[in-house]
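Each remark here refers to the structure printed beneath this line.
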């Protein structure tokens, strides 16, 4: 019969590999048109050609519970049980993303916990878009890494109940699995290393060359000049410069024009001159009058004699 498992197939998780799919869904697959026409007589080599024709992933859809081609090929692979190397090549295939998804689902169903973490976790770095068909027959966009995350953390994918998977930290404590390093951490390490290299280059650029050190060399045995002497010299030189400056400088014509044109300065100067002349004139007249009226004793005697003669 076409629905029987291969005689040389090994039991998986203590049971027939086809029994990993529920009986109701399995009978629907056997009755489907795609299974009868496309999956009859397929071998491990021919499954690859059918997997390359896949356009979406999904389980069953519609009221009649119709299986998708992706689910039919999954059951066919459980039936013929291809070798592990073929499944690994399915997962490593980067050209056909649905071939990769088919191999990942089969590895999750049949592989050990160590194999699942080893071969499926690298697919977290695949961010390509894929189409998924839900129960209503509608297509939904999702990414490869989302599908892989569901395989490792969900209980049911594509309407298939997944076997129990041992926790990762348990395998790490038992030293059966190394800690996972994400691509983001690797990028951060690269960025940090590049920043450190740039800082080292900047430090090397800041270090002065030996020629520069020779130029800036100073004899430490010679005493330094005190800042007070410098200050005194600067003060002693400043008056000379100030005394020389007015001799050298010539009055600018702009200042003369400004003085001649400004009426306020002219008025103030004329007032100062008048005030000075007034202040000087009373003293001068008083001294003159005092000299004219003040007579010597000889003159006073002569005038007294003349007055007597006139009276006589």
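Glycine is treated like the rest: Cβ placed from N, Cα and C.
According to Swiss-Prot, of the candidate residues 209, 250, the site noted as phosphoserine is 209. Considering 194, 270, 292, the record held by Swiss-Prot lists 194, annotated as phosphoserine. Of the listed residues (193, 236, 279), Swiss-Prot tags 193 with phosphoserine; the rest carry no such note in the record, though that does not show they lack it. For the compositional bias 'Acidic residues' (184-202), the DSSP-based tally of helix, strand and coil residues reads 19 helix, 0 strand, 0 coil. Per-residue confidence over the coiled coil (170-204) averages out at a pLDDT of 78.
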